[in-house]
């Protein structure tokens, strides 16, 4: 059976080579394509650049080929944009033309081939899903409704760290407790639910399944089969695991959370007065026939990945930078004590009074961008960009990390220096008002979660710094900030141990 598969694959490679050469010649005459390394038949540039298309590797290619370049990865065209002007073209000026999402063999599994909001193609389904999700998740009213819960969760983290006898001596991996906090923050909004402890069996199952989903989706291991369809049979085992994880996750979401809200029956109100949490609004849209049950479950899938994990990564990066820059940590602490008073715990409304804390959040998102390439875009039809022809269904990556770390545009960008947002970059905000700084993207497909992420980051980092002196573990002068990149993610490689010495008030 393996021999037969090999023979079919080799025959397919030969036929694909012939087709690729013919198509390449025809396209070369038709299109003025962006520059890039010379592709070879079938494989394109895959053998030259490999699977690991992280932001730093793509930055090196941009230095060689320019602010826009093309990689032919098997049968897929991948266009990388690395300048503010071109980013503006993709995300704003031609936001409709480049407003779709690329397909991918693994993401197709986890999103039901685009039945969600984040990864669906641009069109009526996306507009409907965005509208349905905005009211229960992404408004100032939601922030005001749930900010007391976020403050309570941050207070619980502080209490648990204080009670931990190891925290002030040998340290603890604080990410584990912060992960529970983030699940509770979002599950309060989604389901009016929270988990009492890290040992909760349901939380353990949920965390494990979401972690496996992220690992499978963000891995570069499957690129060869995605780029080169005739090699896809070799992905059979990988894709089988993806399908099993997807089915198990969706069943868990349905059985333990969605069905519970249906049973509570709070969506029976015709004037929406009985709607208590986000999923009630989503289920109300299902009852009206606007979406189906699968759409409901894929919305839950989006929030589990896009809201929980990315914010957690940013909190972890912020803690790491504060530990490694004690003078900055002390400035945050001094500001909180001076403005709010010693012992007054940071609340969401207080953040506006704490500009240095806000600058620390912005600098964390600049230097350690959780989604450094943003979520990939796609043009459904042939398009123009930077004077070049972009073939239909090209994958467009905006290297947002390089936009925010290019020394041609930023002063000493490699330094963690929040002061830049008081000095030369005082006008720059995280909402995309400057195309050099796009931690949440901008335009039609920007991340609506910015309205939740910024206050949660401010509350969490503020509470930790005002209650503890955060230090590296004994024997270390700093904690390791090596990066772990994914398909379009960036998180810390090692979940660091942090010493948290309580302050006395």
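Glycine too: its Cβ is placed from the backbone N, Cα and C atoms.
It should be emphasised that the depicted structure is a prediction, and the values quoted were computed from it without experimental measurement.
The annotation transmembrane segment is assigned in Swiss-Prot to 3-23. The (E)-cinnamate binding site annotation in Swiss-Prot covers 213, 214, 215, 216, 217, 218, 306. The heme binding site feature in Swiss-Prot is assigned to 447; the stated evidence is similarity to another entry.
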Cβ-based isolation winner (fewest other Cβ atoms within 10 Å) among the binding-site residues 216, 217: 216
CB contacts for residue 215 ((E)-cinnamate binding site) [other CB atoms within 10 A, all chains]: 12
Other CB atoms, at most 10 A from the CB of residue 306 ((E)-cinnamate binding site): 19
Inter-residue C-alpha distance, residue 306 ((E)-cinnamate binding site) and the residue listed as 'heme binding site' (nearest angstrom): 9
For residue 214 ((E)-cinnamate binding site), the number of other Cβ atoms found within 10 Å of its own Cβ: 18
Cα separation, residue 214 ((E)-cinnamate binding site) to the residue listed as 'heme binding site' (Å, whole number): 18
Distant-in-sequence Cβ neighbours of residue 218 ((E)-cinnamate binding site), under 8 Å, six or more positions away: 486, 487, 488, 489
Other CB atoms within 10 A, centred on residue 213 ((E)-cinnamate binding site): 22
Residue 447 (heme binding site), number of other Cβ atoms within 10 Å: 23
